Each structure stands twice: as structure tokens, then as C-alpha cells.
Amino acid sequence: MGARASVLRGDKLDTWESIRLKSRGRKKYLIKHLVWAGSELQRFAMNPGLMENVEGCWKIILQLQPSVDIGSPEIISLFNTICVLYCVHAGERVQDTEEAVKIVKMKLTVQKNNSTATSSGQRQNAGEKEETVPPSGNTGNTGRATETPSGSRLYPVITDAQGVARHQPISPRTLNAWVRVIEEKGFNPEVIPMFSALSEGATPYDLNSMLNAVGEHQAAMQMLKEVINEEAAEWDRAHPAHAGPQQAGMLREPTGADIAGTTSTLQEQVLWMTTPQAQGGVPVGDIYKRWIILGLNKLVRMYSPVSILDIKQGPKEPFRDYVDRFYKTIRAEQASQPVKTWMTETLLVQNANPDCKHILKALGQGATLEEMLTACQGVGGPSHKAKILAEAMASATAGGVNMLQGGKRPPLKKGQLQCFNCGKVGHTARNCRAPRKKGCWRCGQEGHQMKDCTTRNNSTGVNFLGKRTPLWGCRPGNFVQNTPEKGKAQEQETAQTPVVPTAPPLEMTMKGGFSLKSIFGSDQ
């Protein structure tokens with residue numbers, strides 16, 4: 001820690017600790033920031049000792065600058081810290097990190113302009129003049145390697161300091177990425193844009209290297225070769241060979257086999273791609289790339305036979321997942337862009353589930369995809385399911401209560417109270433001004449409660465529902481109930497039928513008086 005923190009001493013350390021991290025912030029740079037920068041440089045396989053002087057900081061800046069735009073926040077923070085350290089070593093007075101970064105970027109721009117002017121002068125002295133080749137085909141590429149502001153072409157065809165175009169082989173990392181995509185994705189629709197990105201500006205030699213690197217799916221590779229052969233034969237029919245002698249200074253016109261890299265050398269391919277079309281140049285790399293993409297489209301249709309008409313949203317599927325499947329399938333459809341636009345506007349709403357379809361139709365025809373996703377965000381999710389279940393249970397509960405109460409009462413608004421004494425809305429039974437209902441559950445009369453009731457006649461007893469019941473309760477429903485009507489009918493039948501005695505009268509039984517002889521025998 002001490003070695004990394006010792007890159008600044010004395011006045012430079014005081015200047016370092018006076019610079020703010022942000023333009024309007026209170027925090028300032030400390031020694032721990034130097035220690036962190038040294039650790040990050042060592043993690044990125046760079047020498048932390050370069051932080052001790054201006055030249056070393058500038059080398060670090062040149063190394064980190066290309067990665068700032070696409071790098072992680074750690075790389076950006078490291079670049080900003082090194083910029084501040086460079087200004088401290090160079091004696092530049094800065095107040096915060098933003099000013100230091102502006103100064104460094106300004107110096108980088110000046111250095112880049114100087115190198116551009118130097119290389120332009122060298123090209124003028126050498127008498128080299130290059131023309132821009134217009135785009136060809138549907139790929140939108142120029143048919144030659146992309147040129148930088150300094151005039152040097154980028155990978156895979158680059159231009160050295162002498163202005164000579166030479167080929168740089170495709171990197172193993174690119175081949176590994178392509179093979180991994182084929183192994184993981186197969187021939188899904190996303191393979192085509194991945195191939196187009198990895199083969200940007202490639203020569204037919206590089207494209208054949210990418211195809212030969214695929215170990216699996218040899219049947220698909222054979223079908224791809226058949227498509228390439230058909231396109232090559234069509235090229236030969238459209239561009240027959242000239243019978244006359246070749247003009248001086250003009251390149252020979254490539255055949256279909258030359259474009260496919262079968263009968264042409266790498267040097268000829270580079271010349272065709274770098275020579276202007278007025279002098280016989282042909283963008284063989286872009287043409288061959290277009291043929292391969294046609295074959296990949298055929299493989300995608302065969303390996304992904306799902307039609308866009310079969311993509312429908314499930315009853316419980318979130319709308320976002322349905323949209324992902326829809327656009328993934330329409331990406332593989334071999335149709336023009338207007339047809340795909342019509343499919344998107346029509347089928348996306350038509351194949352949605354009833355809940356989402358009801359919401360999407362309410363949005364109208366001109367709704368954007370963002371508005372659709374926002375409107376259908378909760379449909380199909382746990383919250384939407386809970387809401388539907390709560391509504392169903394609420395309706396079922398309300399129906400059950402109405403059935404038990406024998407009628408449908410007017411619904412109460414939220415926050416309203418209902419009195420249990422008078423049945424009116426707006427107060428409770430405690431604050432009710434109406435006379436309180438009092439009555440005995442046994443006899444049904446007001447003025448006393450059941451515990452004070454003196455009535456013992458079961459025929460007049462009532463329960464709390466107002467129905468008459470015996471004092472000891474009533475029988476279950478599956479037993480024969482003794483109602484007052486049945487008791488009266490039995491009394492009438494008894495009165496009409498004469499009673500015939502079956503024993504002698506009581507007077508004859510008591511005629512002899514009372515005696516215990518029959519009990520104790522003859523001991524009396």
C-alpha cells in the first residue's frame with residue numbers, strides 16, 4: 001500500500017487532495033483512491049508503476065481510452081482517476097474530475113488530428129487516391145473494409161503504413177463465438193443477425209472458415225452448400241464471361257466459384273474488395289455473405305417450422321412473454337417488411353387472450369407497443385389472478401347472504417352504518433332513538449326476558465325465531481313433530497270413541513278395607 005500511495009508527494013499530494021470527485025460535491029480525492037487505481041491496473045494486467053510520471057499516465061490513458069465507451073463502470077472510474085493524476089503530474093490546474101477528463105480528451109483529439117494530417121500527407125506524396133465504393137446488395141455494406149478517419153481499413157482487410165491493403169485472418173475468438181452460437185441456439189432466427197455481425201467486412205476465405213468451423217449439423221451445412229451452388233450458377237448466367245481480351249489495368253470479372261472462394265485466391269479476393277468498381281472491383285465478400293444468409297433463412301424455416309398464425313397467448317400467460325414469442329417467430333417469417341407490419345398490427349391483438357384483447361381493443365388502432373405492455377402489465381400475473389378470485393368470491397358471498405336473508409337489500413356504501421334495532425342507515429343500535437325491541441324468546445311477549453318468563457305452557461312457547469317449540473326443545477327434522485294441530489285432532493278422536501273399562505271399579509276393590517294379610521301371610 002505504501003509503494004502505491006507514494007506516487008505523489010509534497011505539493012502534488014496537496015493538489016491531489018484538493019480536487020473534488022464531482023463538480024459540486026464535497027468529497028475530494030484521497031490516498032485510498034491511488035491505492036485503488038493501482039490495484040485495478042494490476043487486475044487489468046498493467047504496470048502500476050506507470051502512475052509515477054506523466055509519460056506513464058499517458059500510456060495508461062491511451063490503453064484505456066478505446067474501452068471507455070463500451071467498458072464497465074470500473075473502467076470508466078479508473079480512466080477518470082488516471083486523467084486527474086495525469087493533470088496533477090503535468091501541472092494542470094483543475095477543480096474536479098470533469099475538468100481533468102475534458103483536458104485529456106482535448107489532447108487526445110489534437111494528437112489524433114496530427115496523426116491524420118501526417119498520414120494524409122504520406123498518401124498524397126505516394127500518389128495514392130481511393131474512391132468510396134457505393135453500397136451493393138441488401139446488406140448495406142460497402143463491399144470493402146471500413147475506413148477510419150486516418151485512412152486505414154479495419155479488420156479483416158487493413159492498410160499498413162505504406163498504404164498497401166493486406167488481409168488479417170479472422171481471430172479464434174470470433175470463430176469460437178460463432179460455433180458456440182450454433183451449438184446453443186441451433187438454427188433459431190437470432191443466428192442470422194449474429195452471423196451478420198461476426199462476418200462484417202469478411203472475405204470469402206473468412207466466411208468459409210466460419211462455415212468449416214461448425215462440427216455438428218452437417219446435414220444443414222450440406223443444404224447450405226446447395227443454396228450457395230444455386231446462387232453461384234445464377235451469378236454465372238447473369239454475368240457471362242467476356243470472350244475478348246482483358247483490358248489493361250482491369251481485374252478479371254469473378255465467377256460464381258470465385259465469389260464462393262473455390263477457385264480464387266486470398267490475394268484476388270482482397271484486390272476485388274479493395275479496388276474501385278470503375279477499375280473492375282467487385283464486393284465478393286458481401287455477395288458471398290448474402291448467399292450464406294439466404295441459406296441460413298432456409299435452414300431457419302426448416303428447423304423452426306412454427307407459423308406466426310400458431311402463436312397465441314395462453315389464458316394465464318403474461319402479455320410480455322406472449323409478445324416475446326410473437327416477435328421471435330415473426331423474425332423468422334420470410335416476408336416483406338409491409339407484410340410483417342400488417343401481421344404485427346393485426347395478429348398481435350387477434351391472438352391475445354380474452355382479457356388482454358378486451359384491453360387492447362379499448363386502446364384503439366394507433367396504440368404503440370409500450371402502451372400495450374403497460375396496459376396489460378398485470379394481466380395473467382399473481383395480482384390479476386388474486387383480483388379475479390376476490391371478485392368471484394365477493395359475488396358468491398353476496399348471493400349466499402341474499403339467499404339466507406330472503407331478499408336483496410340495497411347495498412351499503414363504503415363507510416355507512418346500519419342500525420340493528422330499526423334497520424335504518426346512518427347510526428348504530430346504541431345511538432338509536434327508536435324504542436328498543438324487547439321480547440321473550442319463550443312466549444314472544446314484550447316487557448320481560450326469557451329468564452324472567454313465568455309462562456310454563458309449552459303450547460305458547462316460542463324460540464328466538466318466533467316459532468313455537470316445547471320447553472325442552474324440538475326434535476330433529478327427520479323425526480315426527482308434535483304440532484298443536486295434531487294434538488287437537490287426537491283429542492277429538494278420543495272424545496268420539498267410548499272408553500270401555502278393563503278392570504273392576506275402585507269401590508269393589510276397596511270394599512274389604514285395607515289389610516296387610518296378603519303381604520305377610522298368616523302371621524297376623
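Counting begins at 1 with the first residue displayed.
Placed from the backbone N, Cα and C atoms, the Cβ positions cover glycine too.
Under the heading N-myristoyl glycine, Swiss-Prot lists Gly2.
The average pLDDT computed for the motif 'Nuclear localization signal' (26-32) is 89. Feature annotation from Swiss-Prot assigns motif 'Nuclear localization signal' to 26-32; the stated evidence is similarity to another entry.
What Swiss-Prot lists as region 'Disordered' is 113-153.
Positions annotated as compositional bias 'Polar residues' by Swiss-Prot: 113-125 (among others).
The compositional bias 'Polar residues' annotation in Swiss-Prot covers 135-151 (among others).
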Long-range environment of the motif 'Nuclear localization signal' (26-32) - Cβ separation under 8 angstroms, sequence gap at least 6: 5, 13, 16-20, 81, 84
Helix-strand-coil residue split for the motif 'Nuclear localization signal' (26-32), DSSP-based: 2 helix, 1 strand, 4 coil
